[in-house]
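Visitor: As annotated by TrEMBL, domain 'Histidine kinase' applies to 311-527. Summarising the annotation, TrEMBL assigns transmembrane segment to 26-45, 57-78, 85-105, 125-147, 159-181, 201-221, 228-251, 263-288.
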Amino acid sequence: MRTSDDPGDQRFLLATLPPRAGQTRLAIGTVAGLLVALAVAAPFARLTLDGTAVLLPAYATAVLLTELMTAVLLFALYATQRTPALLALAAGYLTTALLIVPWALTFPGVFAPTGLLGAGLQSTAIVAAGRRIGLPLFILAYALLKVMEAGPREAHRPVLPAIAGGMALAVVLAGGLTAFALADDALLPRLMIDTMRETPLWRVVPVSALALCAAALAVLWRQRRSVLDLWLMVVLGAWAIETCLLSFISAGRFSAGWWSGRVFGLAASSIVLLVLLAEMTTLYGRLVRSVAAERRVRDARLASLEALSASIAHEVNQPLASMVTNAGAGLRWLDRPSPNLVEVRAALKRISDDGHRAARVIACIRDSFRKAPPQRSRLDINGVIRSALDRTEGERRLNRIAVRTDLQQRLPAVNGSAVQLEQVLLNLIANADDAMAAVTDRPRVLSIRSRRRGLTDVIVSVEDTGTGLQPAQEERLFEPFFTTKEHGIGMGLTICQSIVEAHGGRLWVAANQPHGAVFRFTLPADDEPERPEAGAALERTP
Ligand code: ADP
């Protein structure tokens, strides 16, 4: 059976899963993108930058990456959940991610004294206002859409066009605002007095952002239903703190308060990403485990089906062989000049008994695989031994095998299934007969002995003078499907062992002296006050 460490179970894990063609193309595209970025950055590589010129682009890059990744994960989530709310949130994160680029590029004194892209005094502030108000606005849109979407999901709507639409909206919004921010400075609202100080009009931005944060928080609080909702509330908290630090507490651009506000901003940008990654990893792990467990159940079912069919084949072979032997004997009695009808009748009776026994064996095997409790009763094991010897007498006569029995009188009863215990004895006797078939230089003797062992057990031994055991094979005899016989199945001893163990006993093998093998099994004695008569089967064995 497979375990979770089995390589077969690892094929769902990222660490071992082979990449699809699309993923390889994406990886190559990523490397190409990195090379383009290098080509763009190389001409500036030798410029000496002051602290702000280093920190601000680094901060912007971190925000850009985390918000982009968050947007990608949210779009992926939308692909499975198909709710407009998720689409709005993903588009929102993409918009704010895109806006950080013109924000950093136009920031005065970072890449150029008045910023790149031909930026004016108001450009960075306009883009910053878009980001500040944009994120809580999109989260509010997400919360409101969630309230409205009590109905069924848009399972019918094609995913890719919707995602493309969301991305296009983000590009249009970010591009439109950037174009507006880069327009003639005289036409823009006056948010900055100079590169360091804001006008009173700027206050509108943080106040609107805080109002939107409060509104989104209220809506999410009222209908908080998912892990994402919970963490979006934390994002809004961090965003509100950043807004307060930047606009009301700090001493303006580049002050300590302004930078610490940026730390809150980075936290706000990363929270959803971290939560999504953590949740996805957990869910993914759970999925892998449940798929592996399902596969183990299926393997176990297959293995038990295989064992079931092998056991049926094995156990039915014996009555079939005995039926063939008895039919042959019956025919020989009939073929005589004066047919002996008494012997023919006896042979037919044995054939009929074997037919019934085969049916009972199949029922028993089926029960044992269904884990149905076997039909148990108090029985005399000596009666079971005699019954098994009677059944196999024909074959033994053909193979010229002598039998010696040494069955202890007044043996305690055992509690068990007569059919199953007889099956054990029939298997052991058939194996002993097989092991002696090739022996020609000594008598072929099958000895069966029963004894009480200690206070609690009954022990039965089946000895032969056959070929004996190969030391290397001894440990494997009880393994399913282990056989050294040309037409063997290798289930006989496995079945014997499981029957004996199910009865609370033990089965083992040893070398017989000077030749052959001896199989012994114990069964717990059932010392009820009502003791069986020695040698009498309490349950009539078939
Ligand atoms: P099968 O009879 O189909 O081979 P079993 O599980 O009954 O399956 O036996 C497994 C193997 O154990 C046999 O193939 C044989 O090699 C060995 N074995 C069983 N009984 C004896 C015995 N009495 N003497 C020697 N070898 C034995």
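Cβ coordinates come from backbone N, Cα and C, glycine included.
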Visitor: Taking a Cβ cut-off under 8 Å, which residues six or more beyond the ends of the transmembrane segment (263-288) line up next to it in the same chain?
Guide: 9, 12-13, 59, 62-63, 66-67, 69-70, 73-74, 77, 93, 96, 135, 227-228, 231-232, 234-235, 238-239, 241-242, 245
Visitor: Could you check whether the transmembrane segment (57-78) packs against the transmembrane segment (201-221) - three or more CB pairs closer than 8 Å, residues at least 6 apart in sequence?
Guide: no
Visitor: What stretch in 85-105, 159-181, 201-221, 228-251 has the biggest tally of Cβ pairs under 8 Å against the transmembrane segment (125-147)?
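Guide: Of the candidates 85-105, 159-181, 201-221, 228-251, 85-105 scores highest.
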Visitor: Express the predicted model's confidence over the domain 'Histidine kinase' (311-527) as a mean pLDDT, rounded to an integer.
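Guide: Mean pLDDT across the domain 'Histidine kinase' (311-527) comes out at 89.
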Visitor: Residue list, the transmembrane segment (201-221) vs rest of chain: Cβ under 8 Å, 6 or more residues beyond ends.
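Guide: Here the qualifying positions are 125, 128-129, 132-133, 136-137, 139-140, 142-144, 147, 189-192, 229, 232-233, 236-237, 239-240, 243-244, 246-248.
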